[in-house]
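Taken from TrEMBL, the feature domain 'Clathrin heavy chain linker core motif' applies to 336-359. The repeat 'CHCR' annotation in TrEMBL covers 543-689, 692-834, 839-978, 985-1130, 1134-1275, 1280-1426, 1429-1572. Residues annotated as compositional bias 'Basic and acidic residues' in TrEMBL: 1626-1636. Sequence annotations record features per position, and here TrEMBL assigns region 'Disordered' to 1626-1647.
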Amino acid sequence: MAALKPIAFCEHLQLSSIGIQPASISFQTLTLESDHFICVREKVNETNQVVIIDLADANNVLRRPITADSAIMHPHQKILALKSSRTLQVFNIETKQKVKSHVNNEDIVFWKWVSDSVIGMVTDTSVFHWSISDATSPPQKVFDRHPTLAGAQIINYRVTPDEKWMVLVGISGNTTNPSAFKVKGAMQLYSKERGVSQPIEGHAAAFAELKLDGHQHPTKLFTFAVRTATGAKLHVVEIDHQAADPVFSKKAVDVYFPAEATNDFPVAMQVSKKHGIVYLVTKYGFIHLYDLESGACVYMNRISGETIFVTSEHEASSGIIGVNKKGQVLSVSVDEQTIIPYILGTLNNTELAFKMASRANLPGADDLYVKQYQQLFQTGQYNEAAKIAANSPRGILRTVQTIEAFKAAPAPTGGLSPILQYFGILLEKGELNQLESLELARPVLQQGRKQLLEKWLKENKLTCSEELGDIVRLHDLTLALSVYLRANVPNKVIACFAETGQTDKIVLYSKKVGYTPDYAQLLQHIMRVNPDKGAEFATQLANDESGPLVDIERVVDIFMGQNMIQPATSFLLDALKDNKPEQGHLQTRLLEMNLVHAPQVADAILGNEMFTHYDRPRIANLCERAGLLQRALEHYEDLADIKRAIVHTNVLQPDWIVNYFSRLTTEQSMACMQEMLRVNIRQNLQIVVQIATKYSDILGPVKLIEMFESFKSFEGLYYYLGSIVNLSEDPEVHFKYIQAATRTGQIREVERICRESNFYNPEKVKNFLKEAKLADQLPLIIVCDRFDFVHDLVLYLYQNGQTKFIEVYVQRVNSARTPQVIGGLLDVDCDETTIKSLLASVTGNFPIDELVQEVETRNRLKLILPWLEARIQAGSQDAAVYNAIAKIYIDSNNNPESFLKENNLYEPLVVGKYCEKRDPYLAYIAYAKGFCDDELIQITNDNAMFKQQARYLVKRRQVDLWAQVLVPDNVHRRQLIDQIIATALPECTDPDDVSVTVKAFISADLPIELIELLEKIIIEPSPFSDNRSLQNLLMLTAIRADKGKVVNYINKLQNYEAGDMAKIAIDHGLYEEAFLIYKKNEEHALAMNVLVEHVVSIDRGLDYAVKINKPEVWSRLAKAQLDGLRIKDSIDSYIKAADPSNFVEVIEIATRADKYDDLVRYLQMARKTLREPKIDTELAHAYAKTDRLHDMEDFLSMTNVADILEVGEKCFDDELYQAAKLLFTSISNWARLATTLIYLGENQAAVESARKAGNTQVWKQVHAACLEKAEFRLAQICGLNIVVHAEELQGILSSYERRGYFDEVLSLMEAGLSLERAHMGIFTELSILYSKYRPEKLMEHLKLFVSRINIPKVIKATEKAHLWPELVFLYVKYDEFDNAALAMMERSADAWEHNQFKEVIVRAANVEIYYKALSFYLQEQPMLLNDLLTVLTPRIDHTRVVRMFQRSDNVPLIKPYLISVQNLNVEAVNEAYNYLLIEEEDYKTLRDSIDSFDNFNNVGLAKLLEKHDLLEFRRLAAHLYKKNGKWEESISLSKQDKLFKDAMITAGVSGSSEVAEELLSYFVDIGNKECYCALLYICFDLLSPDVVEELSWQHALNDFYMPYRIQVQRSLVDKVAALEKEVKELSAKDSKKEQQEADAPIINPGGFGDRLMLTQGNGFVPQAPPAMMNGTGVPVGMPPHMTGFGTF
């Protein structure tokens, strides 16, 4: 049997099988934050996707089109965190909402979830924590990265659950120290509380907690692993030490790495909290298991041929889960069934086995625990024995026997008893089980120390149960309630709630636990004990959110049975608050009981309008009887009843009556009000007015007015209309109100309504007021004033001689109407004296312009002149006054021009309009004074006043006004411009006037006119002749509009901006004018620029340069020549100018044109003043291009700043190899020199140079050249320097194989094996070459170097080459046992060997291969079949094996196998073996098989055997029938073969009296007396004595019957004696019990006697008591409580 393995290994998933691309399975693209989700980023059909695999549902792969740099899934929820550049986003996939986002200031190099709400992020400098608990907070910096992690690749970041400790893990290449380990691990351990970091060398780390014996608190540990050049270590140290606990001693243990894993190192670590195991995973796929407490190595093995690059905790098994580069999702965990036996058997570490079994409750050490416990207990070491029992795995020793043993153990003198020591250790360890809790609680409560029990319950030290609650209940009901709650005993919890008055918790608890008690009975009990709590409980039951839990009528009956009207009312009010129709009878009942017993309560209930479904007529009648007239009216519906009751307003509230009418129809309301006025108008008029007022809109004012008028109640009409008139818009209402107010003498109200109302008919009201002949005409005046009846008013008052009211009107009512009144008086020919007197008497303000209009239209303007002059003398500044004066002066020609110019108070626009037809010049004066631009322009245009217009425009300085008059469609523009140029501007001396005018001409785009204007003020003598701005403007305008005048202006003008004008001239194509300006101002360089760039005449430029002969001129000319590709002339010009500044362009163009001779001259000139690398570099290159190697050697020997390497590369590219050789030699660049020498054919020298260079690329180039020329010795030298680089190996091999140099490449690779830097690729590729070209050498090579080759790659090669033994060898070495077995079977002729196959097949993982192997052996090696089955026995399905051989009819071949596995009692095996024995007629062995192994079709086999020819086989059939209870078949078969003994034994075994009696009758029938007697003995207990006696008497068998009879008599005597003894004992017990009850007190803490009613009932059989009846015949009370305790 194979050795036990302490681990369970499982492959959960193959990522490639669910569509994940192999290229996407890497550390950069795949993340595993927990054992719930895998997140992969991949590109599918040019689309970036994020793939989420839920490991619980791997077939349902979630793909999303997302582009991101990194994606990590939340450890437990479907929340995805994405990083794109510096943007971070978190999304909830289920709710499809963004959780949070942030843009970071630094690049994030690593991030992961460190808890359910925090993401840890690592940048190049710091570590941050980003919480997703809120939507806005940014990442918080935790600590800075240590310098030792600079440049390292961060592979992990871990945080303790309390976030006090963090560790950052990174790896980097160890290039600085060749003797050190190749991959350096660096970690930074950070303490948040201390704010301190510690750098540690390590590759993997984890935090853990461990509960150690003797420690009060869990010990917090930090464990890490490191590999260096000297070895590998696993360290375990304590962090956050608790002072009360002993110090944890540090552990440092060696980590073993196999010889073939020289470069292996730890990459991941997880700690199992349950088992205290450290899982350490290495790069090469090894798993190491270490005990966390001791550091002992438990197990090590290889679980993956590929690197497991990401891991996480596997919560389900407390193990580790990871993904390797093949895409396998693997998990490793402790095998709880085998780990302890493995530690005991293989590791032989009993102490470790003890601790681990106790820590994780693992099987395997039970016998050791029991043995050690017994040994310690027997030697009196009770404390140690108690520890062993308390720590026993799965509590195997925590039994009642252990407790009884400790109870019985003697207590030491002066010390704690063993049982107390035992319980103390249990309490220290954790929770006590149910039995222990009971045993501890009894003595504690007996001692009255229930506080200890409370403490232990709070600390969860006790296992609560119903029995524990019953014990505690005797001492503390509240504490018992706590126990019952924890033990989930609903009936007793509810009973405790009821007894303690916590009725509000009963329903909540019942729903929570899903228990439904009898609420009605419970309520009845509570009502008897505590009516207040009962009322509360009843309300709670009725108002439950899921519906009433108890029948409401039943509850009411309970209340009424105890005459509790008020609680019943309160309950019903609450229960019926939803006002449901089906509750109508209950509503009626509630109101009835209160109307009879408490009318005030009923009134309040009705007032709240809570109910609407009761019997309204009945309640109305009861309300009337109870004197609640208001409530009666609320319920009446018949109009006669309403009219009869409503007239008694003296007993009703007025407000209620008014509101009551809102319920009545219009007809009912009108009828009731008429009835109220008819019965008692004096008493009811006021309330009728209030009703009419409130419901006026509904009833209609017309009907109400008719009602009041029908009763001739103008007072009522006045008050009614007065209350609605301010809200009504009905003209009739307003008119009627004015009438009613007039008739009741309310003149002031008439005046008010006339003034304020907007809805009456003014004509109708005016006529009514005229007819009313009121003494006070103010209402009429108001109406006429408001509605513009002024003329009618003046006429009415003037004709009726009431002129005093005219004065009242203009003086007191509305002085603003004075103009209309004056007009009216003029129309009725009132004398002027009266009018003037009236006008003088008006003190208020009125519109003077209207007054002027009134008198002006009647040609009576002079009438008011004295009044106007009086206003002026009074200091009035009203414009209307002065407008009127101006008009009078103009009409009377009283020096109007002087008035218009000097006076500033009139309105120019009004007066100007008045003057337009009378005198245009006066209108111009008025418009100019008031800046009335549009009117002034219009009048001057209409009257040809252009000179005045021009002067006004220049002085006005308004750009918009200028734009208006200078528009092209202005027909007067030319005339206006002439006046501006001829008159307005020459007269002007203010520069601003000129400036605005010029701007206006520019804006109007009048360049010709502008030139005329400027010539007028610049060319001709004027104050503005030397103005620079105007000269610039003149030049600019001429350039744009009149180019012919530009040269003349250049010569005449001196004070303009020459540079700006020249540029503008160039922009407008006036190149000669621009050249003339530059030349005139001696700006020769710019002049040259015009010639070469714009005139484009290099010849003129050359003449000009010769003439001027200045460096800047030659330099500009040289640039132009260079642009024109006149390279030689350009270089000559540059040399004359001694200007090397443009060397870059000169070099570029000369090089492109291959003018290296001229370039040498230029560069030699340039070197004199500039020390630029570019110049020296190009000079050296020019020497090479002109083959001036001697000059180059001189140049190289002197000081220079040339880039020699660049020049050399250029010469090499141009195939100037001699020059390149000189250049590379001068700078000792052996790499490039070697390449150059190859092209020169100097191969030996090239190899030497390559050796000096030590560069792989150079070696490759030299190697290629040597190979091309068949210089194999030199090529091998080069090749040995290349093959040590794995990435170059394939290219080298291809170059040989392409040319067919197979021996040479084998020679090269064999030489490479001995290299110090030989790597796996060399051994691998040589294996592949052997498989192709020297297969006979392959096996030897593989056996020597199998640990140093890439086995998967060689497997492919050997398979391709059909080298089957080698293929099998590789599969075995690579642990691919499945493939090895398949290969051996498929190529059995070459690859199969029996012993090797047996070793391989037992290690195969695929079960199907086992059955293929069996088929293979059946066909090819049948004699070795049982040998194969022997090794496969533990692994195969025996049923399937048997079926397989049954189908092929080869079962006899596997008989040894069947015998070996029959002990497993498998049905198929048993049946096959049994049938085989039948064929062999081996009945003895068959009987043993049947008796030993019963798992087969017994009845089927029996039916087969009962027809067998041999007696023994038929006997076996009877035996089988007996075993299966088929008594009749068994006995029948035995009878058939006369095997009476077997039949009697079967009858005795059956236990059936019928079977025994039937067989007894059979023996009597056949006359076999001996069998008859024997059956009486065998079936003594089954046979009835009377039947036996009868048969014996009938058939004369008394002699054979007598022994049986004697035995029956003896048994009867024994039974009677035993019964007498039992009766006596019961009688003694009953007497003792009665005596105890008589001696006991009537009442004690236990209730009645020592029986606790809550737990044991009242001692009587529960039965329903007779129902109590109340006066109504309704039963009161409840049946017994159904909680399980009996009644209360």
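The backbone N, Cα and C atoms fix where each Cβ goes, and this holds for glycine too.
Here the listed stretches are 692-834, 839-978, 1280-1426, 1429-1572, and the one with the most C-beta pairs under 8 angstroms to the repeat 'CHCR' (985-1130) is 839-978. Using DSSP to sort the residues of the domain 'Clathrin heavy chain linker core motif' (336-359) gives these counts of helix, strand and coil: 19 helix, 0 strand, 5 coil. Counting residues of the repeat 'CHCR' (1134-1275) by DSSP class, helix then strand then coil, yields 108 helix, 0 strand, 34 coil.
Residue counts for the repeat 'CHCR' (839-978) under DSSP (helix as H, G, I; strand as E, B; rest coil) come to 99 helix, 0 strand, 41 coil.
Each residue of the compositional bias 'Basic and acidic residues' (1626-1636) gets a DSSP state, and the totals for helix, strand and coil are 11 helix, 0 strand, 0 coil.
Counted with DSSP, the repeat 'CHCR' (985-1130) comes out as 109 helix, 0 strand, 37 coil. Secondary structure of the repeat 'CHCR' (692-834) per DSSP (helix as H, G, I; strand as E, B; remaining residues coil): 108 helix, 0 strand, 35 coil. The DSSP breakdown of the repeat 'CHCR' (1280-1426) into helical (H, G, I), extended (E, B) and coil residues amounts to 118 helix, 0 strand, 29 coil. Taken together, the residues in the domain 'Clathrin heavy chain linker core motif' (336-359) have a mean pLDDT of 86 on the 0 to 100 scale.
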